[in-house]
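Asks: Take a look at the following structure, please.
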Amino acid sequence: MTFTNILTLCGGLGFFLFGMKYMGDGLELAAGAKMKKLLEVLTSNPVMGFLVGLVVTAVIQSSSATTVMVMGFINAGMMTLNQAVGIIIGANVGTTVTSIIIALDISAIAPVCIFIGAMLLLFAKKQNKKHIGQIILGFGILFQGLSTMSGAMVSLRTYQPFIDFISSANSPIIGVFVGTILCAILQSSSAAVGVLQALALQGLMPADFAIYLVCGVNIGSAAPPLLSAINAKTNAKRASFIYLIYNLFGAILFVPIGMFTPFADFVVGTFAAPVAQVAMIHIIFKLVTAVVLLPFTNTIVNLSYKIIPDREHSSNLRFYYLDPQIVTNSASLLVQIISEIKRMADISKDSLFIAGNDFIYSKSTDREHIKENEELVNWLSEHLTEFFIKINSMELQGKDSEHLSRIFYVINDIKRINDHAVNLMEKSEEAVKKEVRFSDNARKELKALLDNDLELLDKAVESFTNQEISEDEQVELYSIEEEIDKLTLKAQENHVLRLREGRCGVSTGMLYIQSLTDFERVGDHAYNIACAARQDSEVLRTI
């Protein structure tokens, strides 16, 4: 095998990997929203999870990516480990789609696919047609890469060291080891099986040895999830462990089958084409393992809990739902970010409720609790913003892209609400120190403002979390915000009247007027959050 052959082989492999990823990205962009809905189906039925995992992986062409996506949903509290097991098993079966496509051996039309895909990508006006063009182009490049790899391997037929290796390498240990290393390097079982199929095209991949290589390839496919879980949260580690267990069990099951049964003869006798033989070994491996393990999902989860126990956390200054180590696509990413933003809003609401009531009734406030909340909100604001900037370059589509573009403003609005809560805490302390007591009418005015603020904040965060808001809900939120403005104006007028009548002192009056600003601004920021949920991307107000 000459140096030119090696370069051609590397180039063909590059085409193959790029084509597979480009086609998968196009499929994901075309069906991203539907894929997200599929993954958000929370069900305790492992069979349903299996089907969801199969479909999603068939679209994105990577069981590892699906598993990493599932880790994100687990972290965000949208999915339990028990629900994830079925999806992970289904993902492993779904990854065989690439090998089936390759087995069809339609590389003759690869140039046509490349031409059609490029034309659509370059000249189509509508975004969905561009996505279709990307799918077709990736499909063509994949087969062109396969053809190039296969052509480069022709010389291996007469390359004596390789012939000697294949003829003597019936050892299961060697086959599993080589397959594991190959997949760990390529970071994709579909790509690794594609390489085996390219060898098979030249008659260089006997079925009996392919069994052991496929076992190793599937073990190696656990490398990406395991690497993603190194610094990840506990449940993400468990999900990656479950992925490894599935493929390790499959290898333990199939190595003896390859050694002691006529499985290889059955495959050769059933499928004449060597490429199809490799594909069917891969498919049967995945399907049989899935059928055996699917009834034992709870047992697998319990084992993961024993192997990876819960860890104690000493600080609240951390993400509960978002895992910065796991960034693959928008489907799980937005769920995690929104969950953290909701947590941030709940903390700010807690501070507002405590500080607002303590100020109104001139009580000593829980300064330590509110300052802890402030520290946590500031930490979340800073780190969410940093993370937002980091992932803002990701290619997101449709509602996800629009929603992400407004997240920065929502983070700022929630932080400002917490700042106003801290202001009220400080005013409460000043009121206690100066022995300020508001009149019953003044308290009623402030209490009405606080209650409306809390109601508006609740409804606004709910709308933002759901990423949608109806016209009726928008009208309701607007009316609450307008009511806050009217109450503020009326309170100011009443305050001036009390000053004229001598029923309000200077110190009391200053605190009262300053607090009106805080309550009114809280309403503005809460309404900004509601605006972020609008589908027409209403411009947010900044205060």
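Glycine too: its Cβ is placed from the backbone N, Cα and C atoms.
TrEMBL does not curate its annotations; it predicts them automatically.
Residues or ranges marked as domain 'PhoU' by TrEMBL: 341-426, 451-531. Sequence annotations record features per position, and here TrEMBL assigns transmembrane segment to 42-60, 72-94, 100-123, 135-153, 173-196, 241-263, 275-296.
I'd like to know what surrounds each of these features in this structure.
Replies: Sequence-distant contacts of the transmembrane segment (72-94) (same chain, six or more residues past either end, CB-CB distance under 8 Å): 39-40, 42-58, 63, 66, 218, 232-233, 235-236, 238-239, 242-243, 246-247, 286-287, 289-290, 293-294, 297-298, 300-301, 304, 321-323, 326, 328, 331-333, 335-336, 338-339.
Counting same-chain residues at least six beyond the ends of the transmembrane segment (100-123), those with a Cβ under 8 angstroms from any Cβ of the stretch are 129-130, 132-144, 146-147, 194, 197, 273, 275-276, 278-280, 283.
With a threshold of 8 Å between CB atoms, the same-chain residues lying at least 6 positions outside the transmembrane segment (135-153) that come near it are 5-6, 8-9, 11-27, 30, 98, 101-102, 106-107, 109-118, 120-121, 194-195, 197-199, 201-202, 204.
Beyond the ends of the transmembrane segment (173-196), by six or more residues, the same chain brings 13, 16-17, 20, 61-64, 95, 97-99, 102, 146, 149, 205, 209-221, 223-224, 251, 255, 278-279, 282 to within a C-beta distance below 8 angstroms of the stretch.
Sequence-distant contacts of the transmembrane segment (241-263) (same chain, at least 6 residues past either end, Cβ-Cβ under 8 Å): 63-64, 67, 81, 84-85, 88-89, 92, 172, 176, 208, 211-212, 214-216, 218-219, 221-222, 225-226, 229, 285-286, 288-289, 292-293, 300-301, 303-304, 307-308.
Counting same-chain residues at least six beyond the ends of the transmembrane segment (275-296), those with a Cβ under 8 angstroms from any Cβ of the stretch are 46-47, 50, 86, 89-90, 92-93, 95-96, 99-100, 102-103, 105, 193, 196-197, 200-201, 205, 207, 210-211, 214-215, 217-218, 246-247, 249-250, 253-254, 267-268.
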